[in-house]
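The next block holds one structure in the form of structure tokens; read it before the comments.
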């Protein structure tokens, strides 16, 4: 079809405008929705939303019930953008269906219909309601009769006074369909006034009707009668897809009927069906087509039953299966536009263009909802809407049709500047300019026209295909495209390269865990091409940064060798080297088998258990590419430290055996078992533990150890032992058999200790002789029988305290603070046990016996030294023996007086003189005071300054002569000696090592020490009889 010059100018203008501004028809962002407005609302306006995008920006208008709303004339309506605001809404004028129209230069679209309704609830008429009189046991219905209203209501009833509401149960029911109150069987407690309460669910307004008095008749009680269904659902009830359906059913009767529900076809109810209000209501949520059918309500009591039936039918508003999409198409082409919707009943279709019904003509036809327009022209452009509707609703789908006319243009889809291919391949050179209608294309290589031949062909979309490319095909190709509105051309340079080849490919390898390998991948390629290597492991691209601890790419520019370090089992698999250039790609694969220690065996089970054996079975785990050679069994109990190897039959379990018997188990112990597999590489991870099992019981085999005893109280024989560990008790009911007899008697006395943890038994009998020997043995038993006894050992009965006192007690003073006490031991036969020692009690002349102090000596000692005593004072003392049972009687009392204290005056004016061989000491005589011991002599204490070993020289003179052969300083002290001990020490004298021929000093001039010379030795002129 030829277009006029005016159309060409218009097309040209539209094309430029479209390129600059990207024009777009209106598309709704927000559409109005159904709205219910409370009449008594404090908000005095309603806003209906409408917003669309488009370029240029759309403008808006509205219709009410198909008539335009003129906002310039009616000031109750205002536009805010696309939103319509209704001021002071009136239910008489503003109720109806609203639609929004959005328009720009490309067309108009119409919104969905939005219904505006007004909700209100008027008051009940003020009139008295008649009294309802019934017999006790009779059913009754109290009518509500709601006042005029609009909008959904809910119902309740007040009993006597507000807000005491009637509680619904199996006897009382409030219908939310009619508002009536149903009482299945009236009782005396029901007498009173009943008021219907109606609430608007929209406005939340509540109104109360007039009270209805309910009284009991006095002419008797109603007898029993079968149920009478008063509340039932319609015989046919349409239900919308996705809605919530509620069916009510309630019956009067005496006794109170029970309500049950079922489907007539016997199918069970799905979980989404709920029974509410004591079965008086059946609720189906999210109603779907499979929920249709006949439902039955059965009311039943002891007098009979009645059934109400109704059928639920399914309907669905239209919903889209296929929406319209914007179409841009060239002039003179044909359009086939399909919109598809579903619903029940099946929807019908109609089309709008720019908000008006589409006018059909020879070119424009609608069939089954699909729109066909042939021989398109620019005037067909606009906004189209498909409407699908049935009696339950309608839906809109909108799209823009752009009919374009333009000369070929490569600006939006330019040809590639260069195409690289390899020798022998196939190449397609694209030529796809934007053109309406589609352009015709022809090709040139350089200045020569390209003609079709065996290897060269032209494609329908204008492209050029060349097969089995050769080097001669390289060059510059130009495509010229032309239609009735003009022509344009584009150029592509074709580069032909040599193919890439892998000259050193990876090969299959077999390695052990921990090794490192290199998989080679070296290529030969066209030098004009850049090359890139990639490695795939089991189909996944190797990330050398993430997996750098194991994988590294090595080699030169033409090499992509893969190094794998410290190979693990997880690295087994297929490796592919992928080599890619700008024109081709090649690859080579290799299998890498990694052999390692086997994986853990699986499904470890205990098939049979006895008292000392367990039959095990398991299945083989992964062999890590190295066959399993052997298996080992390990066990664990609550008493073991970790897992322990156990003996099995067979003793060596080869890799093909998956059963074994564990032997030498302890009876009545809970065991877990696991299996460890080994191959040439080494031992693998152990299996998961088996379930815990307990071996069967057996008679005990281990006797208690460390059987001994002794001690205890008078007339007792105490026997002790180490308890048998739980893991060696071999069964439940474990205890001990204790056997004993006096030494020399043949008959055993036996008793039982039932506690397995008890380590002792005490036998009490007044006839037991103290510290008499008994033969003792301890055996074991459990539910399965008795076990062995321990070896016989001798245990002594309990001791008694000694009955005699030590004899020949004597005491004498050793010094001013010490007295020695001595005695004779008591005979063994009179000790009544093993004698532990003696206790010495003592007190001074001025003290009381009750305040005496004690000293104990162990064993058979026959003397003790009392220390820390006061000087020149008489002390009294007595001795008694003791054993483990206690102490015996004290001996007779003896006494001794401590000696006087040593002199408190130290030796004074100690003077020393030294020659080359001698040191002479002199000091003043010490005189004792009247209360001090007389001086009997003196002690000279001396040592080298570098040692603590002190030597003592006794003398009865006030002088001493020494040879000092050691080349060290000496420290010297002098003390007086008496019967009462040593006196106070003189001041220390330091004699320096001798370095000169003559030296002297004294305690009064110790600081003036002269150095001594020569080799020093000590010559003792008196007998050394003590060390200090």
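Counting starts with 1 at the first residue shown.
Note that Cβ sites are derived from N, Cα and C of the backbone, with glycine treated the same way.
These figures come from a predicted structure and were not determined experimentally.
According to Swiss-Prot:
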DISULFID  50-100  disulfide bond
DISULFID  144-196  disulfide bond
DISULFID  249-297  disulfide bond
DISULFID  339-386  disulfide bond
DISULFID  431-479  disulfide bond
DISULFID  521-577  disulfide bond
DOMAIN    32-117  domain 'Ig-like C2-type 1'
DOMAIN    122-209  domain 'Ig-like C2-type 2'
DOMAIN    227-313  domain 'Ig-like C2-type 3'
DOMAIN    318-402  domain 'Ig-like C2-type 4'
DOMAIN    408-497  domain 'Ig-like C2-type 5'
DOMAIN    499-593  domain 'Ig-like C2-type 6'
DOMAIN    600-698  domain 'Fibronectin type-III 1'
DOMAIN    703-800  domain 'Fibronectin type-III 2'
DOMAIN    805-901  domain 'Fibronectin type-III 3'
DOMAIN    902-998  domain 'Fibronectin type-III 4'
REGION    684-714  region 'Disordered'
SIGNAL    1-19  signal peptide
TODO: Spatially speaking, which of the disulfide-bonded residues 100, 144, 196, 249, 577 is closest to residue 339 (disulfide bond)? Use C-alpha to C-alpha, please.
DONE: 100
- [ ] For the region 'Disordered' (684-714), find every same-chain residue at least 6 residues outside the stretch whose CB is under 8 Å from a CB in it, and list them.
- [x] 597-602, 604-606, 609-612, 614, 616, 618, 621, 624, 634, 636, 643, 665-678, 720-724, 728-732, 734, 736, 760, 762, 770, 776-791, 793, 795-800, 884-885
- [ ] Considering only the recorded stretches 227-313, 318-402, 499-593, 805-901, 902-998, state which has the highest number of Cβ pairs under 8 Å to the domain 'Ig-like C2-type 1' (32-117).
- [x] 318-402
Task: For residue 521 (disulfide bond), the one of 196, 297, 431, 479 that lies nearest, given that the disulfide-bonded residues are compared by Cα - done: 431
- [ ] Write out the long-range same-chain contacts of residue 386 (disulfide bond), meaning residues 6 or more apart in sequence whose Cβ is under 8 Å from its Cβ.
- [x] 324, 337, 339, 349, 350, 351, 369, 371, 396, 397
Task: CB within-chain contacts under 8 A for residue 431 (disulfide bond), separation at least 6 - done: 415, 441, 443, 461, 462, 463, 464, 479, 481, 490
TODO: Using a 10 Å cut-off, grab the number of neighbouring Cβ atoms around the Cβ of residue 339 (disulfide bond), all chains included.
DONE: 24
- [ ] State the count of C-beta atoms found within 10 angstroms of the C-beta of residue 100 (disulfide bond), not counting that atom itself.
- [x] 27
- [ ] Give the one range among 122-209, 408-497, 805-901 whose Cβ atoms make the most pairs under 8 Å with those of the domain 'Ig-like C2-type 3' (227-313).
- [x] 122-209
- [ ] Could you check which of the disulfide-bonded residues (100, 144, 196, 577) sits closest to residue 249 (disulfide bond), going Cα to Cα?
- [x] 144
- [ ] Can you tell me which of 122-209, 408-497, 805-901 gets the most C-beta pairs within less than 8 Å of the domain 'Ig-like C2-type 4' (318-402)?
- [x] 408-497
TODO: Look up residue 196 (disulfide bond) in the DSSP assignment and reduce it to helix, strand or coil.
DONE: strand
Open item on the list: Just to confirm: which same-chain residues, 6+ apart in sequence, have a Cβ under 8 Å from the Cβ of residue 50 (disulfide bond)?
Closed with: 28, 30, 31, 32, 60, 62, 81, 82, 83, 84, 100, 102, 111
Open item on the list: Under DSSP, is residue 479 (disulfide bond) part of a helix or a strand, or is it coil?
Closed with: strand
Open item on the list: Can you tell me the CA-to-CA distance separating residue 144 (disulfide bond) and residue 297 (disulfide bond), as a whole number of Å?
Closed with: 24
